[in-house]
């Protein structure tokens, strides 16, 4: 088959508010994808509870846990998807599946009150090792860090007084994580224990101390290692170990925005489309701009905007060949203009300008702007990038538009921003060759639909009342979008509807085998680095993380079908999905239904026009 798939259904279990499932796995050969599902007759295989890339990190079993909740009887399902075309002997082993009542402890946070699944202490040899210790049983450190009582636990290494005796705490999947944060207690003793964190020697201190670092992928560097000195009084304790798949963040003190002489608001409330200052100062200079008086926070002094080719605030018509009207049709005023002061036939003109930061955007948030350009025989690339939570993604590109715009005419552009609870910023960048010939003007930048829904005492009929008091349409519940603004509409969705985010698997959707001579197929793809080859964001996460279904065809006309699950038609049934269509080959996307197994497909919806990039 295209991607060999194998599923193992375990015995049916009764409804549960919370059951913790723990299992061990290991792999050999070419890495596959291991997913765990909760199956019920009502929801079938919804999104995977957990998905793992089965790259074996060493000669040991890996442990994982996941919490299952279900109002109906359910089965645990293990699924392995092997890579296409693999001919090497490969496989995935699963063993020791355990079911316990209650929610699982946080997998990525280890307090040593329970088993610490992501970590292992190598036990080779007869040397003293790290061991889990009850704080009340060790008189030299009678309080752990988690509970600050003698009833808590920590990981303890007691020096045997033998120089060079060592023990370590190692990740079972070292290449998976990018940040480790932990607390340690290392007493100040002469020739006591040395603690090495990612190869660096920790500073002794008679108090609990926090440290964070990025684990190395090099096998020679151990993330946590303790080495004994001559003193048998030495020891080191480790507690509250947190691991993260994202980069470590520096912990900075909270900043304040000054509204007036005696009034401030937290920075996270600035440019969030809700005025918090009485004078509205926190919502000024946030990037929306008609450029009549100033640049509204767009950084003309950006270090990447200081060359001969640069973005500048210019009066209408002052620069030769620039637009003689604003986007609004007015013959006076200003706009943002990219141009070169000198023409150099052998050099590229490169420049960037960044926006102010906006925050806490709604799902319908859109950035609109008008643009006008002339190439004058030069090559001109202009792209708009968005930065969110450490990710930078192209969201608009002049060269990748499905419809080629006319030169010398004001054209409207709209970029779907979407829901982000954190900071969002943008920057325009250009590359023209040769330098100094082309021009690109931007005017009338506007943010629309970016404010979160307001709190209401009561909701109209057919609406869902969010935990924060907002009201949203009941049909928007459990659609992988935070409509409320506090994500309460996406909670308790386990039994709500059959759904799939496609982040980890096809769920119950099956790509049909392609016809002879037509090898086009629906596939699961991660976001692209360029708009020329596909979406640069996953719709579920809004970032590079996640996957989506995609059908690509670069040359001749191709068709591809993917078939969804069988639904109960005894009552009204609705389907929600998000799509984007790009290209200059007149693409067609249609949704079809049939009521018998091999019956004719009946189209119920179709789209023939290309869309925005997201």
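A Cβ is built for glycine as well, from the same backbone N, Cα and C atoms used for every other residue.
Feature list (source: TrEMBL):
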- 14-106: domain 'MAM' (DOMAIN)
- 108-250: domain 'MAM' (DOMAIN)
- 259-277: disulfide bond (DISULFID)
- 271-286: disulfide bond (DISULFID)
- 287-452: domain 'MAM' (DOMAIN)
- 459-471: disulfide bond (DISULFID)
- 466-484: disulfide bond (DISULFID)
- 478-493: disulfide bond (DISULFID)
- 498-606: domain 'MAM' (DOMAIN)
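Ranking the disulfide-bonded residues 259, 466, 471 by C-beta neighbours within 10 Å puts 466 at the top.
For residue 484 (disulfide bond), applying a Cβ distance below 8 Å and a minimum sequence separation of six or more within one chain yields 453, 464, 466, 467, 468, 470, 472. For the domain 'MAM' (14-106), the model's pLDDT averages out at 86. In the three-state DSSP assignment, the secondary structure recorded for residue 286 (disulfide bond) is coil. Taking CA atoms as the reference points, residue 271 (disulfide bond) and residue 259 (disulfide bond) are 13 Å apart. Around residue 459 (disulfide bond), the same-chain residues six or more apart in sequence whose CB sits under 8 Å from its CB are 465, 471, listed in sequence order. There are 18 other CB atoms within 10 A of the CB of residue 277 (disulfide bond), with all protein chains counted. When the disulfide-bonded residues 271, 286 are compared by the number of other C-beta atoms lying within 10 angstroms of their own C-beta, 286 comes out lowest. DSSP classifies residue 478 (disulfide bond) as coil under the three-state reduction.
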